[in-house]
Structures are given as C-alpha cells and as structure tokens.
C-alpha cells in the first residue's frame, strides 16, 4: 500500500485555525466544570489527532450543524436541526453480524469513552454539488470489523439505520418515497480502507442529532449519501446489498457513488461544487471538484480496471 499523504484542503475550504482552537479550549473548560454528560446535547470526547488528520480547520460549526440532509427528519436543509430535538440517541446498541466468526454487540456509550477515537479532518462532497470540510471524531471501521473476524466468503458490508417514526417525523412523510429503514453498503475492501470511519462526533463533541447521532459512516471519497446515519446494524454479506438511493433512482445514484467530476448527475454537472460557509464579493464560492474528492492516491487502486462511468 502506498504511503498515506493527507490531501491538503484548498484555501477556500478552511476557516482560521485560531477560531477552532478557541472553540476546543472552551469545550475543554466546560468538561472540567462537569458541564456535559453522556446524554447532554453535546458531550466532550477524549480524542486525539489520527494519522490521517491535517493541521487545518473546517467549515464553521454553525454551517456543519444547520445545513444537512437527513430525510428521517424532513426534506429541507434546516429540518434536521429543528425536527430532531426529541430524538434519543442513547442508550444505543450496534450489532455486527452476518458472515463473521465473532458477532459483535456494542454498547455505544462504551464506544464514546474509547481511547481509540481519532480526529479526522475530511472533505465532504454532497451529490448535490456542494461541499464542506468537517472535523470528524471516530474509530476506523476496520477496527470494529476485524473484531468481528470476517468470514473468508464475505465480500460486502450492509448498513441499516433505525426506524422511529415517533421521533423521526420524516419517516411518516409518504412524499419522500423512501422505504425505511435507510440502508447503505460498501464492498468489504472499501469498508476496510484506512480512510473509512465510524464517526461518533464532530469538533471534539458527540454527534448532534441532526448530524447522525449517535454514530454514522464517513467515506470521504464518496458522495455524502453513502454516509448512513444513526446506524443500528452492520452485516457482512457475500453479495452486493441494496441501497436506499440506488433502489429509488438507479440511473441517478449508483452503488459506488465515488466522487467523479467527469460523470455528471443526469440533472446537473459534477465538475464544480459550491463551498458551504465560504463567501466572496460575487456570492457563493465555487471550486473544481477533485477526482475521488482528493483522495485518489489512497483509494484509486480499489477501482483499477473498472469503468467508472458504468460503475458510478
């Protein structure tokens, strides 16, 4: 495997470092005063910079937490923040089953106290042609999958979210056309890639409800809809699993969903992206989209010999 080189975010993606450090200092002070707990809106995580973290800081916290796609809480970008307040992310259990020798049942509250939590500052590219840079805190998915000891016949990983219509009003909206629960999938080698993260927090705090609490998938070289939120079950399979958006519109949303500026969505271009949180004298800032979202050196070999226009 090639030596990892962290992709350097573009200047337009980055906010001043002192703003982020100031925020982390305030968070630490709150923890020292005992101001947060495991069930508070945002609890401090004991995290450390991971091997794939950069020294630059992300999109403003307000944008990251108030511009979201999470259809379980509604179709609008502001709906997740306003409609998720009654959602209870704890207690929570994560199951890893299927083609494994050692099925795993994890108490997420224990995961939140894990010393293995790393900070990873990643680009996030939405299929809707907008982007952010987000400081995730989480555990490499490969770490948990290895604990389950995958069977040699396993080729894919299926992810399933939770169904709680009483707490997730979007699950009662027939207009969405979505068959709940939300489901996603990866090839096993994609899931085991060092970049793939099971995120438990952002900005050094537990995930807000609107960002996928208590845990979500982060695959930075793929479009954001692959990042399934509020994961309840993970299963290892010997075949490609169905996925929500591919099932809804297979001509628009492929199974792989790798960021590719040369393959347009049928209804819009993917060549450029609108940078959330960045402004200029001429309005919203746009920048060129990078192949594999800038992570090609780390993941391109996964797709060697494949037709990426066909396998989009």
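Backbone N, Cα and C atoms are what each Cβ position is placed from, and that goes for glycine too.
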**Asked** Taking 161, 269 as the options, which does Swiss-Prot list with 68, 71, 72, 126, 211, 216, 227, 228, 229 at the Mo-molybdopterin site?
**Response** 161
**Which same-chain residues, if any, lie at least 6 apart from residue 216 (Mo-molybdopterin binding site) yet have Cβ under 8 Å of it** = 198, 199, 207, 227, 228, 229, 230, 231
**Prompt:** Per DSSP, residue 216 (Mo-molybdopterin binding site) is which: helix, strand or coil?
**Reply:** strand
